[in-house]
């Protein structure tokens, strides 16, 4: 389907507003799960690595299922998927209030809420990219700040609700608030295609040709049966013999011929239906092979391959602070009286600032978004190495702000992906990259929690996290350096189906 030229405004700004609020309502609780994490530690008495799986699943499972989410958005559209995700998020949060143990939370909060978040995120990013071209960086930056604002507000909101109504009451109220996603999703009007044939013609065109062959043959068989019956009636009128035995014999002969013909008809129908199923399975198999061929073509692009490694390592090391920073402060014996603001809230508000500023920078012609993304990765690695040296609330707050700002690079990641593979392959490529991001999100916090369970301190865990992020940043930088790119100039001569990022071009 070929869409109209992106309007870069108009109803697109409505899409930005509703996408902002949808991400705010959807991601507020999962991103601020650090507040709930402390309550679950006290309520169930499990280890930190085991309890951290709840939050990591909620933030990672939706990204792991990104290929499936992308297929859902491509098949059904952004609006139905967004509405359905609202039911999943609200239902999962409400179910979590009745959790008898940590394993129930793995399903209700981790899987159900996580899948709902993944569906909504894919829907909002896809429809925003369809409505914007020149201002895509700004639009993506605006909608992605919804989750960061949600983190800032929900961190304080959930803490206050827990004090007033307990953990169960908090989850019920937050789940009820998530139902407003349904209203946001209903306003995501799809962008019409530029040349869409009439609905009747589209429906007919989608029917396989083999089905029409089968229908024609079936029609011919029915006509033969009608002719046979007519011939029998005429013959009876002509040969009006009073002899009942002759009439009975004639009836038996004709009926037996009809029965034989019906058996042949049934056999022919079975054969035609079998051929139809074979043709349909063959076409589905061809689509499946085409999907994997396109996937392999994407991985032939060295920048795309480096991107999936970088996003995997970034989420293994960069996500744990947003989940565990409150526990890091408690482990450092920092009194709650010294708190001016929850550390998670600081991460949330600075992520909002980072997404906006980085999104605006991505729209400048003199800024290469890929180099900008690499810079954020390297700086994040350095900040993670500094966490073990922070022993006061002020230093932890400063590091939380820096990490939050750098985490705002999520707003330019769809922009980088679009520039790498093109808008036509955005859904396909973005789903693959988000799968690896979800894998990193799911593994990062439990690994850090296990480090603490083994060593009873977070220092070695954050050294490991910083190393992962730095490694991903250096690998991506190596893939896009001009000296390395000069060795593979043949990529510019590849067929049209191959997608290569031109580092020298201005993003």
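One-based numbering along the chain as shown.
Cβ coordinates come from backbone N, Cα and C, glycine included.
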Listed range which TrEMBL flags as transmembrane segment, given the options 275-295, 464-484: 464-484
Annotated range (TrEMBL: transmembrane segment) out of 52-73, 206-227: 52-73
Long-range Cβ neighbours of the transmembrane segment (80-98) (under 8 Å; 6 or more residues past either end): 22, 25-26, 29, 69, 72-73, 104-105, 108-109, 111-113, 115-117, 119-120, 122-124, 167-172, 174-176, 178-182, 184-186, 188
Cβ-Cβ under 8 Å with the transmembrane segment (396-417): same-chain residues at least 6 beyond its ends: 125, 129, 136-137, 140-141, 144-145, 148, 307, 311, 318, 321-322, 325, 328-329, 332, 334, 340-341, 343-344, 346-359, 361-362, 369-370, 372-373, 376-377, 379-380, 383-384, 386-387, 390, 426, 429-430, 433, 507
Integer average pLDDT (0 to 100) for the domain 'Major facilitator superfamily (MFS) profile' (15-484): 78
Sequence-remote partners of the transmembrane segment (464-484) [C-beta within less than 8 Å, at least six residues beyond its ends]: 302-303, 305-307, 309-314, 316-318, 320, 370-371, 373-374, 377-378, 380-385, 444, 447-448, 451, 501, 503-504
